């Protein structure tokens, strides 16, 4: 039997992952991981909503940072989308979105300190890059016919507003609403590096062993995301956007001398700062590459390869939960599908970083928590999209049932879209893998974080640039593979 | 007012010549019906006229209408005058239309019998309704000359009459590609017949009957 291109690529990815699995470090080092897990589960079942002040503040700040960050990012993104045909705009956007929110936060923490501006910029800058790209795509898809009928001397802005933006408006709104959900997750995670959002409270209560409060925080976060459609209404948006900047908290004042020092001294490579000139730069860079960048890149590639394949396996295993070809259309089937939807919502609403943080507390440090966290979150997202896709398939009335139906009828039909989605998420998985290093797993983020701890911002910046280059490289590879396998591009732009 | 001239108009599709070379002059007061088989080059000729004359006050009503489906009927009609107002006024109109424009456009829509749909998005209208909206936009725009490609193809008898009357009353000069020959003869005072990319007939309507034009088909 000859192997098709899709099958060859799939098998190669799995084989590579198996090799990585053998090379990587996977162990549970905690004393009693199951007891810890049990205590967390108990916290979720019997949450403590008594700590109203902390809970309220965590939620308010999370929402406020998300609104301001996404608002600024979307505005900047729309402006950039209008000049996205220029090469330097495209390149600049690809660059800023290749750097994770948390890395941006780490950078801004060094210059602005724990000021709200740090959190806002950390969300707004990468989001602006993403918004610019997607908005530009959406605007490009509009019908050019209305623009041809406009009076000759119509101003550019009026023409744009009435033809392209008006046509694209529903798509722009739905994409922005989707990104707001991503923004809430980003905002929550920024707490782990010191912003006053959910992650901050979660980490501190975890450290103190207050599992009931942790449970309450998690449940409130899910409720917040699940109820997004109820309280984010177009008419209320101006109010939220106006109020949000005043709910960011005060943080600590910005020391402008710090800002100046950061740009003029801290990030200048040490040999140049110390007057060794370009001659000293070579060995400095060589040392950095050999002892930090290369091990970091190795571990990042290793971990993301395993996570990618596990994500795929999980997605293909979970999508039948919400596919009516398997749950059936009768009452119990619908109930089951409802539960399946619930599970997938929880998986995709939990940021990888948060999940990895929790699993790391439970299982101790190794690559295992990171891989599981990445696979659960991304697998949940892809399973949701593949499941929706499978519901569009019409099967013949006498199609086989059960496992035969999965293997012969449904899986072959959704495999192409599934691979396309998986390749879309490859870059995101890679980005997240690098960032999980901040939790202590030796990917690139670990070396970035250590360099910052040692107040060697010059090294941190070079490592962040390497991470960005890695992400851009993977994105190009994924695009090539998609083209090679002729996977169609018309799928959801879900990318956080 | 002076007329408009199209000289040496040529259109190629790949290496094949689909239209011309042909010359056509339009005098003030002339409303030209462009007739001929489908594929004869009527739409191509209209496109060429639009390109040549576009900075001389041309209103275009293309066959695909060029409406924005997500905007209301009112806003689509208003778009005919986007060039007359500053950008901030146009922006404000998207949010809250000014009373003066609403009154004026409603009157126009009443004339075309579609006023009750003025706040409906164009994407939700039927083909005939959409065509009347596009006609309203062309009328609202005003200018020296109207170029319209099959402007009433989706409308029934009385409605087609009404729209044709409204269009030809608004514009002193017009070129209308038509397939309904009786309608063309009634509302236009000059007929240009296109055959295989060149002008086969060019005479005043009163000298023609529909049977004279059948040779073109």
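Cβ atoms here come from the backbone N, Cα and C positions, even for glycine.
Bear in mind that TrEMBL entries carry predicted annotations, made automatically and left uncurated.
In TrEMBL, the feature transmembrane segment is placed on A:297-319, out of the ranges A:274-296, A:297-319, A:320-342.
Under the criterion of 3 or more C-beta pairs below 8 Å, with sequence separation of 6 or more, the transmembrane segment (A:460-478) and the transmembrane segment (A:102-125) qualify as touching. Taking every listed stretch (A:58-82, A:211-232, A:297-319) in turn, the largest tally of C-beta pairs under 8 A with the transmembrane segment (A:102-125) is reached by A:58-82. Residues 13-14, 16-17, 20-21, 23-24, 340, 343-344, 367, 370-372, 374-376, 378-380, 382-384, 386-387, 390, 411, 414, 418, 421-422, 425-426, 429-430, 433-434, 436-437, 441-444, 466-467, 470, 474 of the same chain lie 6+ residues outside the transmembrane segment (A:297-319) yet bring a C-beta within less than 8 angstroms of a C-beta in it.
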